[in-house]
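Enquirer: Feature list, courtesy of Swiss-Prot:
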{"type": "TOPO_DOM", "residues": "1-32", "note": "topological domain 'Cytoplasmic'"}
{"type": "TRANSMEM", "residues": "33-53", "note": "transmembrane segment"}
{"type": "TOPO_DOM", "residues": "54-62", "note": "topological domain 'Periplasmic'"}
{"type": "TRANSMEM", "residues": "63-83", "note": "transmembrane segment"}
{"type": "TOPO_DOM", "residues": "84-95", "note": "topological domain 'Cytoplasmic'"}
{"type": "TRANSMEM", "residues": "96-116", "note": "transmembrane segment"}
{"type": "TRANSMEM", "residues": "119-139", "note": "transmembrane segment"}
{"type": "TOPO_DOM", "residues": "140-162", "note": "topological domain 'Cytoplasmic'"}
{"type": "TRANSMEM", "residues": "163-183", "note": "transmembrane segment"}
{"type": "TOPO_DOM", "residues": "184-193", "note": "topological domain 'Periplasmic'"}
{"type": "TRANSMEM", "residues": "194-214", "note": "transmembrane segment"}
{"type": "TOPO_DOM", "residues": "215-243", "note": "topological domain 'Cytoplasmic'"}
{"type": "TRANSMEM", "residues": "244-264", "note": "transmembrane segment"}
{"type": "TOPO_DOM", "residues": "265-279", "note": "topological domain 'Periplasmic'"}
{"type": "TRANSMEM", "residues": "280-300", "note": "transmembrane segment"}
{"type": "TOPO_DOM", "residues": "301-309", "note": "topological domain 'Cytoplasmic'"}
{"type": "TRANSMEM", "residues": "310-330", "note": "transmembrane segment"}
{"type": "TOPO_DOM", "residues": "331-339", "note": "topological domain 'Periplasmic'"}
{"type": "TRANSMEM", "residues": "340-360", "note": "transmembrane segment"}
{"type": "TOPO_DOM", "residues": "361-373", "note": "topological domain 'Cytoplasmic'"}
{"type": "TRANSMEM", "residues": "374-394", "note": "transmembrane segment"}
{"type": "TOPO_DOM", "residues": "395-402", "note": "topological domain 'Periplasmic'"}
{"type": "TRANSMEM", "residues": "403-423", "note": "transmembrane segment"}
{"type": "TOPO_DOM", "residues": "424-432", "note": "topological domain 'Cytoplasmic'"}
Amino acid sequence: MAESTVTADSKLTSSDTRRRIWAIVGASSGNLVEWFDFYVYSFCSLYFAHIFFPSGNTTTQLLQTAGVFAAGFLMRPIGGWLFGRIADKHGRKKSMLLSVCMMCFGSLVIACLPGYETIGTWAPALLLLARLFQGLSVGGEYGTSATYMSEVAVEGRKGFYASFQYVTLIGGQLLALLVVVVLQHTMEDAALREWGWRIPFALGAVLAVVALWLRRQLDETSQQETRALKEAGSLKGLWRNRRAFIMVLGFTAAGSLCFYTFTTYMQKYLVNTAGMHANVASGIMTAALFVFMLIQPLIGALSDKIGRRTSMLCFGSLAAIFTVPILSALQNVSSPYAAFGLVMCALLIVSFYTSISGILKAEMFPAQVRALGVGLSYAVANAIFGGSAEYVALSLKSIGMETAFFWYVTLMAVVAFLVSLMLHRKGKGMRL
């Protein structure tokens with residue numbers, strides 16, 4: 001059977017346009033489910049920490065769950081390599097189908113897993129194993145979906161179309177948070193802590209089945225001739241593009257750290273540091289993430305006009321200047337509206353990175369190692385800096401040095417700014 005492919009072209013028929021829209025929807029649906037499943041863990045950890053870990057104070061149990069969260073990130077480089085190779089050697093579509101199946105399995109395991117009182121140390125061990133499995137899946141999802149959405153996008157509007165990767169990434173995070181908020185308002189706290197937290201994990205597994213069906217309908221964007229190249233999906237081929245690889249490591253380190261600081265960790269920060277009720281903090285983050293999601297296409301479209309380099313310079317400079325003031329102000333904030341405003345200021349800055357994250361990286365690598373280059377470089381930096389964000393923040397808080405974390409984020413923003421200075425100017429040196 002002949003393989004159906006779709007590639008970027010500025011001259012489109014109405015049929016081509018429909019196919020591209022369907023491709024964006026199909027790829028995005030799987031991306032949303034992947035990140036919904038992954039973020040459910042973070043948002044539900046306040047409720048299940050005591051289930052899987054021995055009795056102790058709240059900070060200690062949260063620290064242990066954050067450690068498992070970070071451990072999931074350690075599998076991302078392996079996932080980035082494995083799924084990147086599959087995508088470059090056998091096709092983007094096959095890689096995306098496999099990653100959704102793996103995430104579904106991990107969520108089902110957590111939804112059904114007995115607690116510490118029932119199976120003892122097997123509980124945290126199996127929880128860790130499930131998270132490692134999910135980390136492997138997400139490590140492969142990012143690079144492949146970013147590559148796919150970048151390749152299917154139309155020339156001159158690539159920033160706009162590719163921004164939908166983070167629309168669905170944030171959408172998955174938002175949906176996870178929204179489900180938690182609904183459960184908080186419809187269930188007793190005791191029931192939520194006892195068994196209600198399992199509902200989002202089960203829901204994620206069901207949604208994965210829908211995403212799997214949608215992705216089966218997708219066209220392939222890579223060409224058979226490219227996949228047949230000897231260096232396709234190989235580390236040797238990636239080594240020839242090591243400058244791009246190192247640069248992606250640099251700005252992803254800061255981008256991931258800022259993203260996880262102001263999204264997943266922020267809910268805990270508002271509760272444990274600002275002293276807000278968990279329900280109030282969840283409401284603030286739900287509203288903030290919704291607005292954050294909506295502005296991605298706007299700033300992605302802006303990058304089509306001003307260039308990716310300018311967008312990244314805006315991110316690096318603004319994050320370096322305003323991270324400490326924003327986090328310091330949030331320490332003592334009492335008004336939910338003020339907290340929302342401060343969080344939105346931070347997320348607006350982060351949007352200059354998130355909206356173009358996928359297309360920026362994809363434009364830096366040739367087709368035969370594009371998924372591998374995007375996925376592996378992102379996964380390595382994300383595992384080290386993004387995955388450890390909560391753990392580092394909570395560790396510093398536990399020893400009374402919480403403000404040191406603010407300066408750590410600021411330092412990485414400076415690194416992103418310096419690396420961005422080395423990016424090609426608009427229209428020069430792009431691979432797509």
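Cβ atoms are placed via backbone N, Cα and C, with glycine included.
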Enquirer: Sort out for me which stretch, of 33-53, 119-139, 163-183, 310-330, 374-394, has the most Cβ pairs below 8 angstroms to the transmembrane segment (280-300).
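Expert: Checked against 33-53, 119-139, 163-183, 310-330, 374-394; highest Cβ contact count belongs to 163-183.
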Enquirer: Tell me, please, if the transmembrane segment (194-214) and the transmembrane segment (403-423) are in contact, taking contact as 3+ Cβ pairs under 8 Å between residues separated by 6 or more positions?
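Expert: Per Cβ check, the transmembrane segment (194-214) does not touch the transmembrane segment (403-423).
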Enquirer: Are there residues at least 6 beyond the ends of the transmembrane segment (33-53) whose Cβ is under 8 Å from a Cβ of it, and what are they?
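Expert: Here the qualifying positions are 61-62, 64-66, 69, 72, 99-100, 103-104, 106-107, 110, 113, 115-116, 123-124, 127, 131, 134, 137-138, 141, 168-169, 171-173, 175-177, 179-180, 192-193, 196-197, 200-201, 204-205, 207-208, 210-211, 264, 267-268, 271, 278, 282, 390.
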Enquirer: Should anything in the same chain at least six residues away from the transmembrane segment (244-264) have a Cβ under 8 Å from its Cβ atoms, list it; otherwise answer none.
Expert: 39, 42-43, 170, 173, 238, 285, 289, 292, 312, 315-316, 319, 323, 343, 346-347, 349-350, 353-354, 357, 361, 364-365, 373-374, 376-378, 380-382, 384-387, 389-390, 393, 408-409, 412-413, 415-416, 418-420, 422-423
Enquirer: List, by number or range, the same-chain residues at least 6 past the topological domain 'Cytoplasmic' (361-373) whose CB is under 8 A from its CB atoms?
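Expert: Contacts of the topological domain 'Cytoplasmic' (361-373) (Cβ under 8 Å, skipping residues fewer than 6 from its ends): 80-81, 83-85, 87-88, 92, 95, 143-144, 146-147, 150-151, 158, 162, 222-223, 226-227, 229, 231-235, 237-238, 240-241, 244-245, 247-248, 252, 308, 430-432.
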Enquirer: With contact taken as 3 or more Cβ pairs under 8 angstroms (pairs 6 or more apart in sequence), are the transmembrane segment (310-330) and the transmembrane segment (403-423) in contact?
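Expert: Between the transmembrane segment (403-423) and the transmembrane segment (310-330), which are separate recorded stretches, there is contact, as judged by 3 or more close Cβ pairs.
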Enquirer: Looking at the topological domain 'Periplasmic' (184-193) alone, can you tell me the average pLDDT?
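Expert: Residues in the topological domain 'Periplasmic' (184-193) carry a mean pLDDT of 87 in this prediction.
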Enquirer: Quick check on the topological domain 'Periplasmic' (331-339): DSSP residue counts for helix, strand, coil, in that order please.
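Expert: When I sort the residues of the topological domain 'Periplasmic' (331-339) into the three classes, I find 5 helix, 0 strand, 4 coil.
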Enquirer: Quick test of the contact rule: Cβ under 8 Å, at least six residues beyond the ends. What residues does that give for the topological domain 'Periplasmic' (265-279)?
Expert: 42-43, 46, 59, 62, 177, 181, 184-185, 285, 327, 330-334, 336, 339, 343, 389-390, 393-394, 397, 402
Enquirer: Near the topological domain 'Cytoplasmic' (215-243), which same-chain residues lie under 8 Å Cβ to Cβ, leaving out any that are not at least 6 residues past its ends?
Expert: 3-7, 19, 22-23, 26-27, 29-30, 81, 84-93, 96-97, 100, 147-148, 151-152, 364-369, 371-373, 376
Enquirer: Mind checking which residues reach the topological domain 'Periplasmic' (184-193)? Cβ under 8 Å, same chain, six or more beyond either end.
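Expert: Non-local partners: 47-48, 50-51, 278-279, 282.
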Enquirer: Based on DSSP, tally up the residues of the topological domain 'Cytoplasmic' (140-162) by helix, strand and coil.
Expert: 18 helix, 0 strand, 5 coil
